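Engineer: Take a look at what Swiss-Prot says about it:
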- 23, 87, 126, 458: (6S)-5-formyl-5,6,7,8-tetrahydrofolate binding site (BINDING)
- 224-380: domain 'TrmE-type G' (DOMAIN)
- 234, 253, 255, 258: K(+) binding site (BINDING)
- 234-239, 253-259, 278-281: GTP binding site (BINDING)
- 238, 259: Mg(2+) binding site (BINDING)
């Protein structure tokens with residue numbers, strides 16, 4: 001069966017480096033690698049003890065040495081895949097690594113599909129689906145905070161929470177089944193059961209909704225905050241970008257319209273991954289290139305989680321500033337009153353009525369810390385706890401929404417005195433939606449799609 005043949009792939013990033021690892025997993029892993037291994041003093045791998053390493057050489061079909069290696073062996077089920085696993089530590093480098101992999105495949109292994117090692121760990125019951133997805137989140141984490149959140153999920157904290165919710169749903173279904181059986185036996189129904197079912201549904205729905213409430217914060221920790229810097233040309237947007245990056249990334253001149261395109265960078269904002277977008281100024285222009293930049297700026301504003309509006313305090317507000325303010329007023333924003341190190345000329349009732357204003361000098365760095373604090377206040381209530389259970393995955397959030405909607409349906413049925421067996425249909429649907437998060441209830445095609453998004457060797 002394809003799922004349980006022996007697979008192999010490069011587990012480390014392909015490129016020049018000191019060491020690369022080829023991972024081989026399956027019940028013939030040791031036998032296959034042994035065919036192309038020659039140990040020092042003639043030792044092979046068939047007598048290697050689990051969780052030990054052996055030094056030697058990889059050889060080809062002509063018994064010529066390919067590379068100097070150290071081979072480790074993990075006996076299933078105490079391995080990542082829960083299968084016998086061999087890892088070949090060879091020299092890094094594209095040629096050497098691929099040569100070793102090619103010979104492993106010639107010896108009888110199959111090249112692994114993307115995510116197939118993690119998929120086997122899931123299919124073999126070592127981890128559930130949410131833990132498997134956390135593995136990829138650890139790999140792609142952009143900050144220590146996002147990695148810590150992914151580690152929490154990989155250790156099964158979210159899985160435990162979901163399994164507890166599923167148990168509560170099963171308890172509700174058992175209670176309904178008891179009541180329905182009671183009625184079918186022509187016995188007098190217990191009038192307290194619908195009341196108890198309603199109480200339990202309300203409690204379960206509350207817990208599901210509490211998890212949903214963590215999703216926005218969780219998504220920001222996992223994927224990052226999209227933040228757009230917007231304002232008139234030469235207001236100091238590029239200087240702010242450089243101040244946040246601590247390097248000269250954007251061109252800073254006194255010529256209006258210098259930033260003609262959208263500049264994007266990732267920064268680590270006290271553990272929060274932030275995708276920072278420095279836009280071209282928004283203004284009417286006849287310059288074709290600059291006009292394209294202005295349109296891109298508007299697109300980025302519409303996509304952003306947060307808009308940073310920069311105003312120049314060294315001059316009066318003009319019509320162009322007012323147009324920008326009007327464009328972003330219905331979005332989550334912070335107003336930066338820049339160039340406070342210069343003589344102040346800005347005075348406007350429109351500005352006075354704006355929220356979340358911060359005075360700063362992008363040139364000197366004054367006010368940057370206040371900006372960082374304000375961002376955390378707006379999105380994380382001033383503090384971030386990446387170790388608490390939270391929903392970071394859009395797929396999980398959608399499943400929780402479906403569970404909540406079905407529990408709403410169950411509650412409406414109970415309020416309308418519908419038959420309990422009809423109410424149970426909604427509760428069963430909620431149970432299945434929760435099961436999709438851990439993989440307890442999921443179609444095979446969707447499982448394959450999830451793992452296909454993983455990188456090779458993982």
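Cβ from N, Cα, C; glycine included.
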Engineer: Of the binding-site residues 23, 87, 126, 458, which one has its Cα closest to the Cα of residue 237 (GTP binding site)?
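Structural biologist: For residue 237 (GTP binding site), the spatially nearest of the binding-site residues is 458.
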Engineer: If we check Cα distances from residue 234 (K(+) binding site), which of the binding-site residues 23, 87, 126, 458 wins as closest?
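Structural biologist: Going through 23, 87, 126, 458 one by one, the Cα closest to that of residue 234 (K(+) binding site) is 458.
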Engineer: Where does the mean pLDDT land for the domain 'TrmE-type G' (224-380)?
Structural biologist: 75
Engineer: Got a sec? Which of these binding-site residues, 23, 458, has the most Cβ atoms within 10 Å?
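Structural biologist: Its Cβ has the most other Cβ atoms within 10 Å: 23.
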Engineer: In angstrom units, rounded to an integer, how far apart are the Cα atoms of residue 126 ((6S)-5-formyl-5,6,7,8-tetrahydrofolate binding site) and residue 238 (Mg(2+) binding site)?
Structural biologist: 49
Engineer: Round to a whole number and give the Cα-to-Cα distance in Å for the pair residue 23 ((6S)-5-formyl-5,6,7,8-tetrahydrofolate binding site) and residue 238 (Mg(2+) binding site).
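Structural biologist: Given the Cα positions, residue 23 ((6S)-5-formyl-5,6,7,8-tetrahydrofolate binding site) is 46 Å from residue 238 (Mg(2+) binding site).
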Engineer: At the Cα level, what's the spacing in Å between residue 87 ((6S)-5-formyl-5,6,7,8-tetrahydrofolate binding site) and residue 238 (Mg(2+) binding site), rounded?
Structural biologist: 48
Engineer: Whole-number Å only: compute the distance from the Cα of residue 458 ((6S)-5-formyl-5,6,7,8-tetrahydrofolate binding site) to the Cα of residue 238 (Mg(2+) binding site).
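Structural biologist: Their Cα atoms are separated by 39 Å.
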Engineer: Of all the binding-site residues given, 126, 237, which has the fewest Cβ neighbours within 10 Å once its own Cβ is left out?
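Structural biologist: Ranked by other Cβ atoms within 10 Å, the binding-site residues 126, 237 bottom out at 126.
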Engineer: Which site among 234, 238 has the most other CB atoms no more than 10 Å from its CB, taking these as binding-site residues?
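Structural biologist: Ranked by Cβ atoms within 10 Å, first place goes to 238.
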